[in-house]
Amino acid sequence: MSPHSEISFSGSDAAVSNGTSNGINGHSNGTNGFSNGHMNGHSNGNDAPTAVRHGPRVHKERSRHLETAPVDSEFDLICAGFGPASLAVAVAMHDAIAEGRNLRPDGTAPKVLFLEKQPKFAWHAGMLLPGAKMQISFIKDMATLRNPRSEFTFLNYLHSQGRLVDFTNLGTFLPARTEYEDYLRWCSSWFDHVVNYNNEVLSISPENKEAGAVKTFTVQARNGKTGQIQSFRSRHVLVAAGGQPSLPKSLPAKHPRVLHSSQFANYAPQILTKQNAPYRVAVIGAGQSAAEIFNNVQNLYPNSKTYLIMRQEFLRPSDDSPFVNSIFNPEYIDNLWPRSVKARETLLTEARATNYGVVRLELIEHLFEKMYDQKREISDDETQWPHRILSGREIASVDTKGDALEIKVQRVNDGPLDGFVDQETFDVDLIIAATGYKRSAHIDMLKDAWTMLPKTVSGRNESPKGANGWNVETQDGERKLAVARDYRVKFSPGTVADDSGVWLQGCCEGTHGLSDTLLSVLSTRSGEIVQSIFKQ
């Protein structure tokens, strides 16, 4: 989980990491979103710890500016996904109309539909750990930086819950992660009437593309309960599909005792059912999520043995100093966008320490103290410690051994040493991979529109990291899927009508910066997208 991390990763609008996982740790989410409270443990007798529970939500109001429409309507906008990114767009539309702006020429409410694969709104549900706090100011909420007078500010949420004065007395800009998640659910409840939950978008296809400029798109979605596939039509489509968990190839696929970090809080208690049992747990990764889970397991299961396995030699602290943090300012997008592909890649690589493969310093210090205490109290021999950090290691193999998993780890890039490899083997009851996310769902969703994309320029230096788009292979040659500054997909001239199109969110880090996958710019970016779509 990253310090500025903001977009849901267990649903359709997830916070983005940088592509696929990289070896063991995959540079899993860094530290620009949250920090972990160190005193996380509970005591529930011999029962497993339960997930965090929330009090009842009293809010029943709904947006008076966005109205439902029959499913066979031609929608003005369909959003694939309803996590924080799409939620921010709903808020921006509500605010625009509340300010007296017309999003439709006739002044009526726009016909909008959000399609979300989750059964209800959720944000980082698998990482709502006890004691965890945000590491991004509540001012970077759904609205404040765009419109501080909006109904959807975090402060207005506190006021509506009767906690504004008490929160002020905390003297912090950093709410509990669970409270911020409740704020997002409070915001989302205003728009429940225009959201179809349990609907996963499968494809976005242009209609009548042979007849001239495309004016409408067909969006196909599968109902998660019935399996039924339904089609919807819209002039504008926004894709905010989030990230898909990325697991190292060394781990067995779909094994019941192998979880991604996004599943931790929901599923680990179902596997590790007895709090005082001597469970053995391996965590893979070098970022904030990995460090938080490594620490949290020790607190929740006091008799456990834990292993933190990572390719990096050290846990590295995040750089959240104010000058460096300006990379997350909304205006920085305009600084980055005009630069060359090489310049953008260089800058993003330099700035990785703000967000990827890094950990909040206070958590690093806490874990170091734990390691020191073991050395002082048990032995200099780390193999005797119940909690170990295996740095500079990679997984050689994982084999099933009854109800357990046998892990073999070795030094990164180790060659044979006198005929042997420096390898260690141990058994675990659970593996948790905090190894990041892939951000490629939009590519396959738009497959039926690939032939409308411009052809790639022969001889141009193409980036494999999305810094100038994504290359896709068609029967008519290679095409380029890329976006403009306003996040609109750049189709070939004349193929899509000016008042129609497709927009992307949460997968444009290579062109729009590290903030693209984070909460930092949601309020301002959503305003820009609403202006672009509705020609404000």
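Don't overthink the numbers, they just go from 1 along the chain as shown.
Glycine is no exception: its Cβ is also placed from the backbone N, Cα and C atoms.
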If Swiss-Prot gives E116, K117, Q118, P119, K120, F121, A122, W123, H124, Q135, T517, L518, L519 as binding FAD, which of V194, V201, V457 does it give for that site as well?
V201
From N169, N299, N355, grab the residue that Swiss-Prot records in the same substrate site as K140, N325, S326, I327, F328, S520.
N355
Please give the maximum pairwise Cα distance, in Å and rounded to a whole number, for the NADP(+)-binding set A286, G287, Q288, S289, N355, Y356, G357.
12
Rounded to a whole number of Å, the separation of the Cα atoms of G357 (NADP(+) binding site) and F328 (substrate binding site) comes to 17
Span of the recorded FAD site, as the biggest CA-CA distance among E116, K117, Q118, P119, K120, F121, A122, W123, H124, Q135, V201, T517, L518, L519 in Å, is 32
C-beta crowding around Q288 (NADP(+) binding site), within 10 angstroms:
35
